[in-house]
Amino acid sequence: MFRPNSLLIPSNLSTTKSQRNTMLNSSYLSFALIFFCCILFSALASSLPVSDPELVVEEVHRKINESISRRKLGFFSCGSGNPIDDCWRCDKDWEKNRKRLADCGIGFGKNAIGGRDGEIYVVTDPGNDDPVNPRPGTLRYAVIQDEPLWIIFKRDMTIQLKEELIMNSFKTLDGRGASVHISGGPCITIQYVTNIIIHGLHIHDCKQGGNTYVRDSPEHYGYRTVSDGDGVSIFGGSHVWVDHCSLSNCNDGLIDAIRGSTAITISNNYLTHHNKVMLLGHSDTYEQDKNMQVTIAFNHFGEGLVQRMPRCRHGYFHVVNNDYTHWEMYAIGGSANPTINSQGNRFLAPDDSSSKEVTKHEDAPEDEWRNWNWRSEGDLLLNGAFFTYSGAGPAKSSSYSKASSLAARPSSHVGEITIASGALSCKRGSHC
């Protein structure tokens, strides 16, 4: 497995996971004010349809600015300016209110409710993975059920799956309160299903599977060809939210979304030690991906990454307030005329003089890609990093947003709002 060397970065931009966890123990606000904020965020989200990409961009901007404003006024002493986290993390009774998380989404995947309307299912058995006849108590048994389920884990566990974990619709995987690792085998597949939330998991060292039978519902199992070995594979899925996961070192992609997938938010994740990080769009000729809409927000792209953060095709992609501290080839790339709206990110280029460019326009001559709409607005470009604009470029344009005044949070604050990226260490009875 290819493991690129980590690059050195200034100490004020790089933190260890233990340092980041220590920095999280700040002051906290009362439950009542946070609950009020969550209601407000939910009302704002419900007023804007996912079908309008520009309005969703506007909504992300507005939520970030509202969170900042309240903090400046003293309302959010525990707030980070991260509207997702500020919606639920200040509640020390988070374990009793787990499903509140479903009302905290932003961006294109904001309507993903997962298993909010179902029962809580507790995974008690990390082993005994039978891909065709899973036992009650196992993760596979939970995810294939037809009814909505909010799936939690009884204790710390490492789950090594024998084949892909093929999820059914309306499921939440909630790792809070335990250290849950899915690793060493095939990992998560979201295929032709909807309303999935994946939160708080360590997903790493995922392998290929296939050439065997796998169950995907209580009534059906089918023959699977060889899988790619992604950490999270979204194949024709919709209303998907991947939040606060730690992902690394998988066979193909860490998170890939293809074949008409849409309405996706990828947020607050910590991604490390991988080559082809994130593919969004199946192929240059698969035009159904023109409807793809993905929000990539508040993630930390960390040590040992090479490329595809993300690599986009056809659709509309909002890359906002992420921290890019490492890449070897490039950070954001694409082909087949995707619209890429990069706002308020922090890009720290590697020392290699040949890899300073953030972007890579792929598989097209310049006279073609110069018409693709890619812009950088408010990004912080460090150590010689540069972003190659194209199409409408950095100018205010309806090609990107209808409300350019509601900008993303300043890139100088990215370190603060991404400091808790990855799977959190949540203890029952304490603020998460």
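Numbers run from 1 along the shown chain.
Cβ coordinates come from backbone N, Cα and C, glycine included.
Matching Asp228, Asp284 to the Ca(2+) binding residues that Swiss-Prot gives (Asp252, Asp256) identifies Asp228.
Within 8 Å of the centroid of the Cβ atoms of Asp228, Asp252, Asp256, where the record puts Ca(2+), the same chain has further Cβ atoms from Ser227, Gly229, Asp230, Ser233, Cys250, Asn251, Gly253, Lys276, Leu279. The most densely surrounded of the binding-site residues Asp228, Asp256, judged by C-beta neighbours within 10 angstroms, is Asp256. Cα of Asp228 (Ca(2+) binding site) to Cα of Arg308 (active site): a span of 16 Å.
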